[in-house]
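According to TrEMBL, the features are:
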- 12-31: transmembrane segment (TRANSMEM)
- 52-75: transmembrane segment (TRANSMEM)
- 87-108: transmembrane segment (TRANSMEM)
- 120-139: transmembrane segment (TRANSMEM)
- 168-195: transmembrane segment (TRANSMEM)
- 207-230: transmembrane segment (TRANSMEM)
- 275-293: transmembrane segment (TRANSMEM)
- 314-334: transmembrane segment (TRANSMEM)
- 340-361: transmembrane segment (TRANSMEM)
Amino acid sequence: MNLPLAPDTATHFVVWGALLIGLVLGAAGQASRFCVRGAIADWFIYGGRSRMMVWVLVVVVAALGSQAVIGLTSFQPERTIAWSDRFLWSSYLAGGLLFGYGMVLAAGCPQRSLVKAGTGNLRAIVTLLVAAVTAQMTLRGVFAEGRVRTVDAWGLQLSGPQDLGSLLAAWVPASAGALRTGVLLLLVTLAAAWLWRRRADLTLLDWSAGVLIGLLVPAAWLLTGLIGFLPEHPDTLEPAWQGTQSRRPEALTFIAPIAHGLDLLTYWTDKNARLSFGVMLTAGVLLGSHLSARARGEFRLESFSNAAELRDHLLGGVLMGVGGVTAMGCSVGQGVTGLAMLSAGAVLAVTGIAAGALLALKAQVRRADAAAG
(Lines of atoms letter the chains of each structure in order from A and count residues from 1; the text may use other names and numbers.)
(Lines give C-alpha, C1' and ligand atoms only; values in the text may rest on other atoms or scores of the structure.)
Protein backbone atom coordinates (compact mmCIF):
# COMPACT_ATOMS: atom_id res chain seq x y z
CA MET A 1 0.00 0.00 0.00
CA ASN A 2 1.41 3.36 -1.04
CA LEU A 3 0.69 6.17 1.41
CA PRO A 4 -0.83 8.69 1.40
CA LEU A 5 -3.99 7.38 -0.22
CA ALA A 6 -6.58 9.37 -2.14
CA PRO A 7 -9.13 10.97 0.24
CA ASP A 8 -12.04 8.69 -0.67
CA THR A 9 -9.85 5.59 -0.58
CA ALA A 10 -8.45 6.53 2.83
CA THR A 11 -11.97 7.08 4.16
CA HIS A 12 -13.11 3.69 2.91
CA PHE A 13 -10.14 1.94 4.51
CA VAL A 14 -10.80 3.65 7.86
CA VAL A 15 -14.55 3.02 7.89
CA TRP A 16 -14.45 -0.62 6.83
CA GLY A 17 -11.37 -1.28 8.92
CA ALA A 18 -13.33 -0.02 11.91
CA LEU A 19 -16.03 -2.59 11.19
CA LEU A 20 -13.41 -5.35 11.19
CA ILE A 21 -11.91 -4.15 14.48
CA GLY A 22 -15.41 -4.00 15.96
CA LEU A 23 -16.21 -7.53 14.79
CA VAL A 24 -13.12 -8.88 16.53
CA LEU A 25 -13.81 -6.89 19.70
CA GLY A 26 -17.44 -7.97 19.78
CA ALA A 27 -16.65 -11.65 19.33
CA ALA A 28 -13.77 -11.61 21.82
CA GLY A 29 -15.78 -9.61 24.33
CA GLN A 30 -18.75 -11.96 24.10
CA ALA A 31 -16.67 -15.11 24.44
CA SER A 32 -14.51 -13.83 27.32
CA ARG A 33 -17.10 -11.62 29.11
CA PHE A 34 -14.57 -8.75 29.08
CA CYS A 35 -16.09 -5.94 31.11
CA VAL A 36 -14.55 -3.11 33.15
CA ARG A 37 -17.63 -2.84 35.34
CA GLY A 38 -17.54 -6.59 35.91
CA ALA A 39 -13.85 -6.42 36.81
CA ILE A 40 -14.50 -3.84 39.53
CA ALA A 41 -17.65 -5.59 40.80
CA ASP A 42 -16.04 -9.05 40.96
CA TRP A 43 -13.07 -7.63 42.86
CA PHE A 44 -15.19 -5.62 45.32
CA ILE A 45 -18.02 -8.07 46.03
CA TYR A 46 -16.49 -11.53 45.58
CA GLY A 47 -12.76 -10.92 45.70
CA GLY A 48 -12.58 -12.35 42.17
CA ARG A 49 -9.46 -11.42 40.24
CA SER A 50 -9.87 -12.91 36.78
CA ARG A 51 -11.72 -10.08 35.00
CA MET A 52 -9.53 -7.45 36.70
CA MET A 53 -6.49 -9.34 35.45
CA VAL A 54 -7.88 -9.42 31.92
CA TRP A 55 -8.47 -5.65 32.08
CA VAL A 56 -4.86 -5.12 33.21
CA LEU A 57 -3.63 -7.44 30.46
CA VAL A 58 -5.62 -5.53 27.84
CA VAL A 59 -4.18 -2.19 29.01
CA VAL A 60 -0.60 -3.51 29.11
CA VAL A 61 -0.77 -4.96 25.59
CA ALA A 62 -2.50 -1.82 24.30
CA ALA A 63 0.14 0.39 25.95
CA LEU A 64 3.06 -1.58 24.52
CA GLY A 65 1.49 -1.52 21.06
CA SER A 66 0.53 2.15 21.20
CA GLN A 67 3.95 3.28 22.39
CA ALA A 68 5.53 1.17 19.63
CA VAL A 69 3.35 2.94 17.07
CA ILE A 70 4.41 6.30 18.52
CA GLY A 71 8.10 5.43 18.54
CA LEU A 72 8.41 3.57 15.26
CA THR A 73 6.08 5.41 12.87
CA SER A 74 5.15 8.93 11.82
CA PHE A 75 1.96 8.76 13.91
CA GLN A 76 1.20 12.12 15.58
CA PRO A 77 -0.02 11.35 19.14
CA GLU A 78 -0.27 15.02 20.05
CA ARG A 79 -3.25 15.28 17.71
CA THR A 80 -5.25 12.72 19.71
CA ILE A 81 -7.74 13.66 22.42
CA ALA A 82 -5.69 11.58 24.87
CA TRP A 83 -2.75 13.97 24.46
CA SER A 84 -4.72 17.21 24.30
CA ASP A 85 -2.99 20.27 25.76
CA ARG A 86 -6.28 21.22 27.41
CA PHE A 87 -6.21 19.43 30.79
CA LEU A 88 -9.85 19.23 31.93
CA TRP A 89 -9.06 17.80 35.36
CA SER A 90 -12.45 18.54 36.91
CA SER A 91 -14.30 17.16 33.89
CA TYR A 92 -12.31 13.94 34.00
CA LEU A 93 -13.04 13.41 37.69
CA ALA A 94 -16.69 14.54 37.77
CA GLY A 95 -17.58 12.85 34.50
CA GLY A 96 -15.80 9.68 35.53
CA LEU A 97 -17.67 9.60 38.83
CA LEU A 98 -21.05 9.89 37.07
CA PHE A 99 -20.10 7.34 34.45
CA GLY A 100 -18.84 4.81 36.98
CA TYR A 101 -22.00 5.04 39.06
CA GLY A 102 -24.13 4.72 35.93
CA MET A 103 -22.35 1.68 34.52
CA VAL A 104 -23.05 -0.23 37.75
CA LEU A 105 -26.74 0.72 37.70
CA ALA A 106 -26.97 -0.34 34.05
CA ALA A 107 -24.99 -3.56 34.64
CA GLY A 108 -22.39 -2.64 32.05
CA CYS A 109 -20.64 0.16 30.18
CA PRO A 110 -21.51 1.02 26.54
CA GLN A 111 -19.01 -1.51 25.18
CA ARG A 112 -20.43 -4.27 27.36
CA SER A 113 -23.99 -3.16 26.58
CA LEU A 114 -23.27 -3.46 22.85
CA VAL A 115 -21.96 -6.97 23.41
CA LYS A 116 -25.00 -7.91 25.51
CA ALA A 117 -27.38 -6.37 22.97
CA GLY A 118 -25.84 -8.63 20.34
CA THR A 119 -26.70 -11.66 22.47
CA GLY A 120 -30.39 -10.66 22.72
CA ASN A 121 -30.36 -8.61 25.92
CA LEU A 122 -33.20 -6.09 25.56
CA ARG A 123 -32.14 -4.32 28.76
CA ALA A 124 -28.86 -3.40 27.10
CA ILE A 125 -30.66 -2.00 24.06
CA VAL A 126 -32.73 0.33 26.26
CA THR A 127 -29.59 1.41 28.11
CA LEU A 128 -27.76 2.16 24.85
CA LEU A 129 -30.64 4.25 23.48
CA VAL A 130 -30.85 6.33 26.67
CA ALA A 131 -27.07 6.73 26.85
CA ALA A 132 -26.93 7.78 23.17
CA VAL A 133 -29.63 10.43 23.61
CA THR A 134 -28.11 11.91 26.78
CA ALA A 135 -24.61 11.80 25.29
CA GLN A 136 -25.88 13.80 22.32
CA MET A 137 -27.56 16.24 24.72
CA THR A 138 -24.24 16.64 26.56
CA LEU A 139 -22.15 16.99 23.41
CA ARG A 140 -24.17 19.77 21.80
CA GLY A 141 -27.64 19.78 23.34
CA VAL A 142 -29.34 21.11 26.43
CA PHE A 143 -26.62 19.85 28.81
CA ALA A 144 -23.70 21.13 26.73
CA GLU A 145 -23.76 24.73 27.91
CA GLY A 146 -23.80 23.71 31.56
CA ARG A 147 -20.84 21.40 30.99
CA VAL A 148 -18.83 24.07 29.18
CA ARG A 149 -19.62 26.79 31.73
CA THR A 150 -18.79 24.67 34.79
CA VAL A 151 -16.37 21.75 34.89
CA ASP A 152 -14.83 22.39 31.46
CA ALA A 153 -14.20 26.03 32.38
CA TRP A 154 -11.94 24.97 35.25
CA GLY A 155 -9.53 23.17 32.95
CA LEU A 156 -5.86 24.08 32.61
CA GLN A 157 -4.11 25.13 29.42
CA LEU A 158 -0.82 23.25 29.20
CA SER A 159 2.23 24.24 27.19
CA GLY A 160 2.38 20.76 25.67
CA PRO A 161 0.57 17.43 25.58
CA GLN A 162 -0.85 15.83 28.73
CA ASP A 163 0.95 12.50 28.50
CA LEU A 164 2.81 11.48 31.64
CA GLY A 165 6.19 11.75 29.93
CA SER A 166 5.67 15.38 28.91
CA LEU A 167 4.32 16.34 32.33
CA LEU A 168 7.23 14.69 34.15
CA ALA A 169 9.72 16.35 31.79
CA ALA A 170 8.84 19.69 33.39
CA TRP A 171 10.30 18.42 36.67
CA VAL A 172 12.84 15.76 35.71
CA PRO A 173 15.95 16.46 33.57
CA ALA A 174 15.10 13.95 30.85
CA SER A 175 13.23 13.91 27.56
CA ALA A 176 9.50 13.23 27.46
CA GLY A 177 10.10 10.13 25.34
CA ALA A 178 12.62 8.68 27.79
CA LEU A 179 10.35 9.35 30.75
CA ARG A 180 7.39 7.85 28.93
CA THR A 181 9.44 4.72 28.25
CA GLY A 182 10.44 4.58 31.91
CA VAL A 183 6.83 4.86 33.08
CA LEU A 184 5.77 2.20 30.58
CA LEU A 185 8.49 -0.23 31.68
CA LEU A 186 7.61 0.29 35.34
CA LEU A 187 3.92 -0.33 34.77
CA VAL A 188 4.54 -3.33 32.52
CA THR A 189 6.92 -4.87 35.06
CA LEU A 190 4.46 -4.47 37.94
CA ALA A 191 1.56 -5.79 35.86
CA ALA A 192 3.56 -8.71 34.49
CA ALA A 193 4.69 -9.73 37.99
CA TRP A 194 1.10 -9.72 39.26
CA LEU A 195 -0.27 -11.54 36.23
CA TRP A 196 2.44 -14.20 36.44
CA ARG A 197 1.90 -14.76 40.16
CA ARG A 198 -1.84 -15.18 39.63
CA ARG A 199 -1.64 -16.86 36.22
CA ALA A 200 -3.65 -19.87 37.40
CA ASP A 201 -6.70 -17.60 37.79
CA LEU A 202 -6.90 -17.10 34.01
CA THR A 203 -7.96 -19.56 31.35
CA LEU A 204 -6.43 -19.81 27.89
CA LEU A 205 -9.48 -17.93 26.60
CA ASP A 206 -8.83 -15.11 29.08
CA TRP A 207 -5.19 -14.77 28.01
CA SER A 208 -6.05 -14.93 24.31
CA ALA A 209 -8.90 -12.43 24.55
CA GLY A 210 -6.83 -10.03 26.66
CA VAL A 211 -3.97 -9.99 24.16
CA LEU A 212 -6.29 -9.77 21.16
CA ILE A 213 -8.39 -6.92 22.55
CA GLY A 214 -5.25 -5.05 23.61
CA LEU A 215 -3.79 -5.29 20.10
CA LEU A 216 -6.90 -3.66 18.65
CA VAL A 217 -5.87 -0.30 20.14
CA PRO A 218 -2.58 0.08 18.21
CA ALA A 219 -4.34 -1.40 15.18
CA ALA A 220 -6.84 1.46 15.40
CA TRP A 221 -4.04 4.03 15.68
CA LEU A 222 -2.37 2.60 12.59
CA LEU A 223 -5.68 2.68 10.73
CA THR A 224 -6.84 6.18 11.66
CA GLY A 225 -3.48 7.83 12.30
CA LEU A 226 -1.47 6.51 9.35
CA ILE A 227 -3.65 4.88 6.69
CA GLY A 228 -6.32 7.56 7.06
CA PHE A 229 -3.84 10.44 7.26
CA LEU A 230 -3.32 12.90 4.42
CA PRO A 231 -0.33 15.26 4.90
CA GLU A 232 -2.03 17.70 2.53
CA HIS A 233 -5.69 17.31 1.68
CA PRO A 234 -6.24 18.35 -1.97
CA ASP A 235 -9.20 20.58 -1.05
CA THR A 236 -7.75 22.39 1.98
CA LEU A 237 -3.99 21.89 1.48
CA GLU A 238 -3.83 21.09 5.20
CA PRO A 239 -3.21 17.84 7.12
CA ALA A 240 -6.37 15.72 7.46
CA TRP A 241 -7.45 12.49 9.12
CA GLN A 242 -10.10 10.84 6.99
CA GLY A 243 -13.03 8.81 8.25
CA THR A 244 -13.11 9.94 11.88
CA GLN A 245 -15.83 12.07 13.44
CA SER A 246 -13.36 14.25 15.34
CA ARG A 247 -11.04 14.68 12.33
CA ARG A 248 -8.30 13.38 14.63
CA PRO A 249 -6.73 9.94 15.03
CA GLU A 250 -9.16 7.77 17.02
CA ALA A 251 -9.08 4.34 18.67
CA LEU A 252 -11.47 2.36 20.88
CA THR A 253 -14.12 4.51 22.56
CA PHE A 254 -17.89 4.21 22.63
CA ILE A 255 -19.86 6.97 24.34
CA ALA A 256 -19.58 9.62 21.60
CA PRO A 257 -19.83 7.05 18.77
CA ILE A 258 -23.21 5.73 19.98
CA ALA A 259 -24.45 9.34 19.98
CA HIS A 260 -23.06 9.86 16.48
CA GLY A 261 -24.68 6.61 15.39
CA LEU A 262 -28.07 7.81 16.60
CA ASP A 263 -27.46 11.12 14.84
CA LEU A 264 -26.63 9.30 11.60
CA LEU A 265 -29.76 7.15 11.76
CA THR A 266 -31.88 10.24 12.44
CA TYR A 267 -30.43 12.31 9.58
CA TRP A 268 -29.60 9.50 7.15
CA THR A 269 -30.83 11.40 4.07
CA ASP A 270 -28.85 14.52 4.98
CA LYS A 271 -25.91 14.76 2.58
CA ASN A 272 -23.69 15.88 5.47
CA ALA A 273 -24.42 12.70 7.45
CA ARG A 274 -21.64 10.14 7.01
CA LEU A 275 -20.31 6.91 8.35
CA SER A 276 -17.28 7.27 10.59
CA PHE A 277 -14.74 5.12 12.37
CA GLY A 278 -16.58 5.24 15.71
CA VAL A 279 -20.01 4.47 14.27
CA MET A 280 -18.71 1.48 12.32
CA LEU A 281 -16.75 0.31 15.35
CA THR A 282 -19.95 0.16 17.42
CA ALA A 283 -21.78 -1.62 14.60
CA GLY A 284 -18.96 -4.13 14.39
CA VAL A 285 -19.07 -4.87 18.12
CA LEU A 286 -22.82 -5.45 17.95
CA LEU A 287 -22.52 -7.75 14.93
CA GLY A 288 -19.44 -9.58 16.22
CA SER A 289 -21.11 -10.29 19.53
CA HIS A 290 -24.24 -11.55 17.78
CA LEU A 291 -22.30 -13.90 15.52
CA SER A 292 -20.29 -15.21 18.46
CA ALA A 293 -23.40 -15.77 20.58
CA ARG A 294 -25.09 -17.63 17.73
CA ALA A 295 -22.03 -19.80 17.13
CA ARG A 296 -21.70 -20.60 20.84
CA GLY A 297 -25.42 -21.25 21.31
CA GLU A 298 -25.71 -18.38 23.79
CA PHE A 299 -28.20 -16.11 22.02
CA ARG A 300 -31.44 -15.61 23.94
CA LEU A 301 -33.87 -12.77 24.49
CA GLU A 302 -33.79 -11.24 27.97
CA SER A 303 -35.85 -8.38 29.36
CA PHE A 304 -36.54 -6.51 32.60
CA SER A 305 -37.84 -8.52 35.52
CA ASN A 306 -39.44 -5.58 37.35
CA ALA A 307 -39.89 -1.80 37.37
CA ALA A 308 -36.92 -1.25 39.69
CA GLU A 309 -34.59 -2.90 37.18
CA LEU A 310 -35.95 -0.69 34.40
CA ARG A 311 -35.46 2.38 36.60
CA ASP A 312 -31.83 1.48 37.30
CA HIS A 313 -31.04 0.93 33.63
CA LEU A 314 -32.69 4.20 32.61
CA LEU A 315 -30.81 6.17 35.26
CA GLY A 316 -27.61 4.32 34.47
CA GLY A 317 -27.93 5.20 30.80
CA VAL A 318 -28.42 8.88 31.65
CA LEU A 319 -25.40 8.97 33.96
CA MET A 320 -23.20 7.21 31.43
CA GLY A 321 -24.27 9.52 28.62
CA VAL A 322 -23.62 12.69 30.62
CA GLY A 323 -20.59 11.37 32.47
CA GLY A 324 -18.88 9.75 29.51
CA VAL A 325 -18.99 12.89 27.39
CA THR A 326 -17.90 15.07 30.32
CA ALA A 327 -14.97 12.74 31.11
CA MET A 328 -13.95 12.75 27.43
CA GLY A 329 -14.36 9.00 27.23
CA CYS A 330 -15.91 5.86 28.69
CA SER A 331 -14.44 2.94 30.60
CA VAL A 332 -12.85 1.77 27.34
CA GLY A 333 -12.10 5.17 25.81
CA GLN A 334 -10.28 6.33 28.93
CA GLY A 335 -9.87 3.03 30.78
CA VAL A 336 -8.10 1.25 27.92
CA THR A 337 -7.22 3.63 25.07
CA GLY A 338 -6.40 6.62 27.30
CA LEU A 339 -4.34 4.57 29.75
CA ALA A 340 -2.52 2.91 26.84
CA MET A 341 -1.47 6.39 25.70
CA LEU A 342 -0.21 7.14 29.24
CA SER A 343 -2.58 10.09 29.39
CA ALA A 344 -2.78 11.96 32.71
CA GLY A 345 -6.40 12.79 31.96
CA ALA A 346 -7.15 9.09 31.59
CA VAL A 347 -5.66 8.41 35.02
CA LEU A 348 -8.03 10.97 36.57
CA ALA A 349 -11.02 9.73 34.55
CA VAL A 350 -10.41 6.11 35.53
CA THR A 351 -10.01 7.18 39.16
CA GLY A 352 -13.43 8.84 38.93
CA ILE A 353 -14.95 5.82 37.16
CA ALA A 354 -13.64 3.42 39.80
CA ALA A 355 -14.83 5.67 42.64
CA GLY A 356 -18.29 6.02 41.11
CA ALA A 357 -18.54 2.27 40.55
CA LEU A 358 -17.55 1.51 44.14
CA LEU A 359 -20.11 3.99 45.49
CA ALA A 360 -22.84 2.36 43.41
CA LEU A 361 -21.78 -1.15 44.42
CA LYS A 362 -21.83 -0.19 48.10
CA ALA A 363 -25.30 1.29 47.67
CA GLN A 364 -26.50 -1.91 46.00
CA VAL A 365 -25.05 -4.05 48.80
CA ARG A 366 -26.77 -1.89 51.44
CA ARG A 367 -30.06 -2.13 49.55
CA ALA A 368 -29.75 -5.91 49.27
CA ASP A 369 -28.93 -6.23 52.97
CA ALA A 370 -31.92 -4.08 53.90
CA ALA A 371 -34.22 -6.18 51.73
CA ALA A 372 -32.87 -9.41 53.24
CA GLY A 373 -33.00 -8.15 56.82
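Backbone N, Cα and C atoms are what each Cβ position is placed from, and that goes for glycine too.
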Review point. For the transmembrane segment (275-293), which partner among 87-108, 207-230, 340-361 gives the most CB pairs under 8 Å?
Key: 207-230
Exercise for review: Take a look at 87-108, 207-230, 340-361 and tell me which one has the most Cβ pairs under 8 Å to the transmembrane segment (52-75).
Suggested key: 207-230
Review point. Most CB pairs under 8 Å with the transmembrane segment (168-195): which of 12-31, 207-230, 314-334, 340-361?
Key: 340-361
Practice item. Would you kindly list the residues that approach the transmembrane segment (207-230) from elsewhere in its chain, counting only those six or more residues past its ends and only Cβ-Cβ distances under 8 Å? Key: 1, 3-5, 7, 10-11, 13-14, 17-18, 21, 24-25, 28-29, 31-32, 34, 53-54, 57-62, 64-66, 68-69, 73-76, 79-80, 239-244, 249-252, 277, 281, 336-337, 340
Study note, to complete from the structure: Within the same chain, the residues 6 or more beyond the ends of the transmembrane segment (314-334) and with Cβ under 8 Å of it are 36-37, 81, 88, 91-92, 94-107, 109-111, 126-139, 143, 147, 151-152, 252-256, 259, 343, 345-346, 349-350, 352-353, 356
